[in-house]
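What TrEMBL records for 1-17 is signal peptide. If you look up TrEMBL, you'll see 57-79, 115-132, 137-154, 160-186, 198-221, 251-271, 278-296, 302-322, 334-355 marked as transmembrane segment.
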Amino acid sequence: MMDWLIMGVALLHLVTAPYTKVEESFNLQACHDLLYNGINLEEYDHLEFPGVVPRTFVGPIVVSVIAYPAVAVIQLLGLNKFIAQYIVRGVLGLLVIVAWRRLRKQLQESFGLPLTFWFTFITASQFHFMYYLSRPLPNTFALVVALLAFSFWLEQQHHALIWTCGIAVLIFRSELCLFLGPMLLADLLTRRLQTLPFLQCVIPAGLCCLMTTIAIDSLFWGRLLWPEGEVFWFNTYKNQSSTWGTSPFLWYWYSALPRALGSSFLLAPVGVALDKRLQVLITPALIFVILYSFLPHKELRFIIYVFPVFNIAAARACQFFWEGREKSGTRQLLAIGCVLHLLVNAAFTTLLLTISANNYPGGAAIHKLHQIIPPDAFANVHIDNYVAQTGVSRFTQLHDHWRYNKTENMKAGSKSMRSFSHLLVEAKSKYSYNLKHYTSSHEIVSSVEAFSHLSFNYQQFPPVKKFLMTKVKLLYPLRRAQKLGKI
């Protein structure tokens with residue numbers, strides 16, 4: 001039942017917000033190209049849009065191999081290509097859930113079934129972990145391995161722990177050394193792991209992981225390459241990630257973790273205080289967040305690996321209060337509070353999910369374009385940078401006989417831009433500056449709205465109201481637009 005609950009909630013998140021953004025672009029496009037282009041590397045998206053830093057193909061290869069049979073059936077039946085994006089994301093989500101399930105079962109052996117019930121319901125009630133587990137971010141691929149490594153540490157399976165640490169750090173996300181490293185160091189210092197067996201395992205594991213990623217990624221990128229090494233050099237040594245913004249040192253503590261954990265954030269310290277075993281388990285997570293806070297550029301998804309660890313502590317607090325609910329009136333109120341905190345989390349999740357559903361105007365725009373134009377017609381579509389970054393992927397490019405162009409930095413109103421039959425353009429109104437260049441050649445036939453802001457009014461129910469605003473305009477040639485009519 002617990003696994004079905006997690007899978008059901010994950011599916012709800014996937015179906016509600018099926019599109020992706022620019023941070024997920026490389027892995028999603030790589031999965032598409034592996035499934036649809038095969039060994040024809042010249043057609044791969046990353047060669048045209050390489051991104052700021054190279055990423056590994058190891059994760060997309062694993063997902064694509066698992067997804068291939070289902071995608072092959074879609075191709076054979078001639079079904080909508082976008083279904084394949086659901087499948088790819090679904091496979092990634094299942095990989096995370098399988099790793100999470102292994103952690104849950106290990107917790108059940110160590111702490112008992114009641115704690116794992118609370119752990120499951122707390123996880124399902126929160127937004128960010130469930131939302132991100134099917135999103136093809138580098139962090140999500142690393143999350144699979146990090147969850148496995150943490151469960152191996154609990155089980156004291158050192159051989160498997162060392163190998164998963166190597167895969168996580170050398171192939172997917174180098175910063176995970178700050179989370180997984182303390183686990184190995186703790187076992188070495190307490191002699192639960194002897195130095196010689198550690199060296200006998202860590203050296204071949206490290207070399208194998210390093211050679212695997214270099215061999216695979218050098219082939220796909222066309223040059224000798226260790227992707228995660230370049231990412232580490234770019235983000236940490238050169239500190240170039242700060243270009244995308246910086247946050248205060250304590251941001252993870254007062255912003256990211258409270259949002260990610262919801263009201264469970266308040267229960268985690270209680271669980272640690274109640275059970276000394278949790279002090280050992282939560283220490284690597286605390287070290288990771290503290291050390292990672294020194295990097296100026298911060299995002300919530302960067303610390304997704306520690307969310308389950310804090311949830312273990314929150315679950316222990318809930319278990320304690322629930323099991324002692326009959327001892328006193330105060331304990332009974334605390335037990336009721338533990339149940340109510342799940343409802344608070346669920347309400348917060350519902351709010352964030354409804355916002356997220358309207359946060360991908362690019363995906364909504366290209367979907368609307370395919371609805372308006374007959375599938376047997378021809379279209380030469382230009383997708384501007386904003387639209388490309390907010391939902392468009394190769395999976396959304398449904399028709400092989402259409403031309404989809406994402407060339408950047410093309411001058412608005414230039415001859416090359418006016419040559420496109422259809423344009424998807426970022427614009428907040430029909431009077432936007434970047435639309436005036438097309439008044440003689442194109443006409444607006446549709447608009448796409450996206451999330452703008454929230455309004456709170458405690459005299460109405462629900463007290464929160466969501467506001468949308470126009471973000472994208474669909475432009476057609478004048479004569480075609482007159483035939484179609486404005487939509």
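For all residues, glycine too, the Cβ spot is worked out from N, Cα and C.
Bear in mind that TrEMBL entries carry predicted annotations, made automatically and left uncurated.
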Listed stretch, out of 160-186, 198-221, 251-271, that has the most CB pairs under 8 angstroms to the transmembrane segment (57-79): 198-221
Cβ contacts the transmembrane segment (251-271)/the transmembrane segment (302-322), at least three under 8 Å, sequence gap 6 or more: yes
Interface check, the transmembrane segment (302-322) with the transmembrane segment (137-154), three or more C-beta pairs under 8 A: yes
Contact between the transmembrane segment (334-355) and the transmembrane segment (115-132) (3 or more Cβ pairs under 8 Å, separation 6+): yes
